[in-house]
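Peer 1: The structure follows.
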């Protein structure tokens, strides 16, 4: 139970509702900012604006997956109010206050550092990334079906990257009967690809391996599908770029070549917001319990 913990949930989308539900069930005291259009009420949760939060008492601040903009504006799907997280807000929190977000940016990292508050980027955690790979691959399958006129079974698929998401995608597409090859750099990843019964190749040789593929799925957050590589692709190839914005594809050149390329980060929150929210809620409740234990609340 999180009885006695005071938590500010500032902004967010449908995923945040699962977090709020979990934390109220565990009897935390919740302040909700950016939820004024939400009809559903949560026992133990109080709707307010950001300047009404008693920051001096707040044990944790939970931001949306997207954190803030470069100016500190927080995304609020359930409100038309502009919510801005400022340095002054963090300065007023207790020294033990922890800030959670999915990702981060220079603005958020700077104000957290200036306030000397711990900032936890949840999407850097292995457990969340691996759990999130499940709705991610389901969303990727959905996009592949929607944007092709052939079955995944028997298609030629290249997956770029064998990280926490890439591994799940490669395994699942292979299970659906696709002919999957996977591009990676490290010798350990290339060995793992072989062990999985898939075809490995080094990303330095990417240009040679994209000539005959139907679907290219990128998980590498750097410009890997550049003009040189795209010039080797045929217009029939579908590119699904799952990397964080701006992705790893030269989208303008792909369009010029007649190649359909889709940037699709954040699929869990789009195709399965309830599950994605539950993943975050379960991990957050454990992390908050640790804070509670440390503070003896």
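Each Cβ is built from the backbone N, Cα and C atoms, and glycine gets one as well.
On a predicted model such as this, the values are computed, not experimentally measured, just so you know.
Straight out of Swiss-Prot:
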- 164, 165, 185, 203, 242, 243, 244, 264, 265, 266, 267: NADP(+) binding site (BINDING)
Peer 1: Give the helix, strand or coil assignment DSSP yields for residue 164 (NADP(+) binding site).
Peer 2: helix
Peer 1: With every protein chain in view, how many other Cβ atoms are within 10 Å of the Cβ of residue 185 (NADP(+) binding site)?
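Peer 2: Step by step: centre on the Cβ of residue 185 (NADP(+) binding site), count other Cβ atoms within 10 Å, giving 13.
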Peer 1: Using DSSP, would you call residue 242 (NADP(+) binding site) helix, strand or coil?
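Peer 2: Note: residue 242 (NADP(+) binding site) is coil by DSSP, not helix or strand.
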Peer 1: Return the residues near residue 242 (NADP(+) binding site), defined as same-chain residues 6+ apart in sequence whose C-beta is under 8 angstroms from its C-beta, sorted by sequence, else 'none'.
Peer 2: 136, 140, 165, 169, 217, 218, 219, 264, 265, 267
Peer 1: What does DSSP assign residue 265 (NADP(+) binding site), in three states?
Peer 2: coil
Peer 1: Mind checking which of 244, 265 has the fewest other CB atoms within 10 A of its CB? They're the binding-site residues.
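Peer 2: Counting other Cβ atoms within 10 Å of each of the binding-site residues 244, 265 gives the minimum at 244.
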Peer 1: Near residue 164 (NADP(+) binding site), how many other Cβ atoms are within 10 Å of its Cβ?
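Peer 2: A 10 Å sphere around the Cβ of residue 164 (NADP(+) binding site) contains 18 other Cβ atoms.
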Peer 1: For the NADP(+) site made of 164, 165, 185, 203, 242, 243, 244, 264, 265, 266, 267, how many Å separate the two farthest Cα atoms?
Peer 2: 25
Peer 1: What is the total of other Cβ atoms whose distance to the Cβ of residue 267 (NADP(+) binding site) is within 10 Å?
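Peer 2: Counting Cβ neighbours of residue 267 (NADP(+) binding site) within 10 Å gives 22.
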